[in-house]
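A.B. asks: Please see the structure below; I have some questions.
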Amino acid sequence: PMAAPAAGPPPVLRIVAECGRSRARAGELRLPHGTVPCPVFMPVGTRGTAKGLTAAQLAALGCRICLGNTFHLGTRPGPELVRRSGGLHGFMDWPHNLLTDSGGFQMVSLLELSEVSEEGVLFQPPHGGDPVLLSPERAMEIQNALGADIVMQLDDVVSSTTTGPRLEEAMLRSVRWLDRCVAAHARPQQQRLFAIVQGGTEPELRLRCLRAMTQRAVSGFAIGGLSGGEAKARFWRAVKLCTEHLPRDKPRYLMGVGYATDLVVCVALGCDMFDCVFPTRTARFGSALVPWGSLQLKNQKFAKDFRPIDADCGCPTCQRHSRAYLHALLRCNTAALHLLTLHNVAYQMKLMGSIRDSILRQRFPEFVREFMAAMYGGRGGPPAWAREALESVGITLG
Amino acid sequence: MATAGGARPPAPGDDGRRGAARVARVPRLLRVPVRRRGARMRLKLLGAGRLGSLAGLGRGGAGALALPGCLLYTRAGAAPHLTHDTLREVRGVPGVAHVALPALAEIHDVLEEYKEGAAKFMGMPDAVLYCSLHDPVTPCPSGYNTNKELQGSVMFGAIEGGDILEERLRSARETAKRPVGGFLLDGFQGSAMAKETKLKLIASVTAELPEDKPRIIHGVGKPDEVLECIERGVDIFESFFPFQVTERGCALVFSYDCHPAPEATVLPQNGIQDLEKNGAQEDQEEVSKADPEMTPFEISLKDKKYHDDFGPLLEGCSCYCCQRHTRAYVHHLLVTNELLAGVLLMMHNFQHYFGFFSAVRDALRDSKLDQLKELIFRQALQGPASTALRH
């Protein structure tokens, strides 16, 4: 009998349990730098550092995959230098997994400085120098040099509130760019390529994009173009439409989602992977995340509050320090920012761990109810969009 | 408060009791919490110079500080940039932490309500704390007024007198008569005094002090100045200097190894490598352009030349940063304004500085202080490239 043709890289996702009511799944991502339990939240380390945390601290919190950004690293220090440092893993001394995004999102956030054409995105680097063309081929080249375990296609990103012909153009171009990325990807065995589904919040466009992209041989699918300023009612429906049409056996990565409520709801809708700057960024503003919201520790009311941020949190910050001390330290020592970053990452890890655990034990709907009660109990109940989204997958809140 | 900042000469007509008055009004000058019964601070000298230790520190009396040594510089009780777990990765952290009074004064009412002491509030319940009147990095705090005495603390007497020998001697003699736990050589911070005057005064002052009590000096941090003070009878220093180095994006790379391995003399060294890259003259100019505060004991990682330098901050250094990261990485972090730069540099700079003090103690023990002095002073003049010794 003939040998089978060379297979693509092995499948990333192994599903271990599925919620009997909603679309939530619990499983593992099998990646070159180890296994990652999912659903998973990935902290963002934009420029090759998880902000003020050392790689050792981040790993000690249980993080097994985090993000680097191609646009920023591609300009400074540049892919060649990172390659010579042993790739992004070597550069950061990060022994676990990495995911790099393609730089596409910066098109939206640095809009005045960029120009999109079929060729690619022409950037004016914010720190001076000649305009730089980020094409699908160049995005793959940079990501191949950075060496992350998961790499993202270059997509034509528009803001999530865009409507009209530009939205359709961007969606169709993203499909063409996906094909160019697949063709240009020089290291398919070491690095898993994910597609990014676009189409804004227009169901018809999303559907066309889904149908086209799911025909391509990629290792996973991201849901992009959301989590901007769009209405939450449109947001969740777009997410749900995607999970409906994405293959069961490949991971679904919802980009830019990181608020606790959004994570819980979108797991219910069938997403496996998330990233967001929110937890780490808000820490640097003195804000600590807790199951009932957040504490703005710069606020004078915490000056004499001798309790830890969260008595039930096992993170190093909560084990040792009080809100009052953090309040005082915030005034004069960056160590305070790192302590809060530690706590917020720990909070996210714990949340995802609890979510996953509840799915494994077939009590995810109960978990969702408990979560919502803790978060919104005193405040008149969860937001309407969350309620509707959960109900649409069979989870009713009290 | 009479001991604020630089010392003033006494007013005319002063009858010499100023020293006594100062001591009585200086209860806040060393906070080494000591249980009232039992444990007592004591200085043990081992005979080689003032090599020894300060034992019996802290609540249980188990804390100790090797001498000559330095304190751990903190800002509001935490090492700058470092959480407890990152500080734990630094080797040789001294057993006494230094907190500046302004930080505590700011939270005075909070501490009153907390009732369980500053050390516990700051997350180090078992630490031994030294509280100085000023933060050595920001020496002119806004005014505050507190008359509270801290119970159960050991007091150090401040020796004042400006740059006038007579006044210094008087202050030293008067303070030496008091039942203080140790002595603070105050008013030697900054560059107001000529160096020779400063050194002469320090030597004269310590000559008046009992051998069996520790002497601490504020505001002295550079390795060459530390050695000069140690030779003149000073035991304890602050560690704000590695923090200042960190804040300007620099790494300490001076050698304090008096016992290089024989083969090391033929191997290229950190400084020499750098010079070969750029030419010695350019290097010195770039270095001085970088930051006027920069000393010959450090390199400036912001410099473009480190952009693709894949060596550690300092060859042979065993700190967290040098074991895992490169100059290129730290350069990148600095250039992109990443917070991690401060974390990694602080870890390296503290460990290197504490290692220097350990080397001083070893040199005293092995009667090699002169070699160490020669090594340090050579680098003070010419920078780390001047050494042919591998660190």
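Each Cβ is built from the backbone N, Cα and C atoms, and glycine gets one as well.
Among the features that TrEMBL reports, active site, proton acceptor is placed at A:Asp101. Taken from TrEMBL, the feature active site, nucleophile covers A:Asp275. For A:Asp101, A:Ser102, A:Gly103, A:Gly104, A:Phe105, A:Asp155, A:Gln198, A:Gly225, the entry in TrEMBL reads substrate binding site. TrEMBL lists A:Cys313, A:Cys315, A:Cys318, A:His343 with the feature Zn(2+) binding site. The domain 'tRNA-guanine(15) transglycosylase-like' annotation in TrEMBL covers A:23-375.
Map the listed features onto the structure and describe their local environment.
C.D. replies: All protein chains considered, the CB of A:Asp101 (active site, proton acceptor) has 30 other CB atoms within 10 Å. A strand conformation is recorded for A:Asp101 (active site, proton acceptor) in the three-state DSSP classification.
The Cβ of A:Asp275 (active site, nucleophile) lies under 8 Å from the Cβ of A:Phe41, A:Met42, A:Pro43, A:Val44, A:Leu67, A:Leu99, A:Tyr253, A:Met255, A:Gly256, A:Val257, A:Gly258, each on the same chain and at least six residues away in sequence. In the three-state DSSP reading, A:Asp275 (active site, nucleophile) counts as strand.
In the three-state DSSP scheme, A:Gln198 (substrate binding site) is classed as coil. The Cβ neighbour count for A:Gln198 (substrate binding site), using a 10 Å radius over every protein chain in view, is 31.
Around A:Cys318 (Zn(2+) binding site), the same-chain residues at least 6 positions away in sequence with a Cβ under 8 Å from its Cβ are A:Pro308, A:Ile309, A:Asp310, A:Ala311, A:His343, A:Ala346.
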A.B. asks: Setting A:Cys313, A:Cys315, A:Cys318, A:His343 aside, what same-chain residues sit with their Cβ within 8 Å of the center of the Cβ atoms that define the Zn(2+) site, listed in sequence order?
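C.D. replies: Near the Zn(2+) site, the remaining chain residues are A:Pro308, A:Ile309, A:Asp310, A:Gly314, A:Pro316, A:Thr317, A:Gln319, A:Leu342, A:Ala346, A:Tyr347.
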A.B. asks: Rounded to an integer, what is the Cα-Cα distance in Å between A:Phe105 (substrate binding site) and A:Cys315 (Zn(2+) binding site)?
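C.D. replies: Rounded to a whole number, the Cα-Cα distance is 32 Å.
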A.B. asks: Using the alpha carbons only, what distance in Å do you get between A:Cys315 (Zn(2+) binding site) and A:Gly225 (substrate binding site) once rounded?
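C.D. replies: Checking the Cα atoms of A:Cys315 (Zn(2+) binding site) and A:Gly225 (substrate binding site) gives a distance of 33 Å.
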A.B. asks: Near A:Cys313 (Zn(2+) binding site), which residues of its own chain have a C-beta under 8 A away, given they sit six or more steps off in sequence?
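C.D. replies: When sequence neighbours closer than 6 are ignored, A:Cys313 (Zn(2+) binding site) has A:His343, A:Ala346, A:Tyr347, A:Lys350 within Cβ distance under 8 Å.
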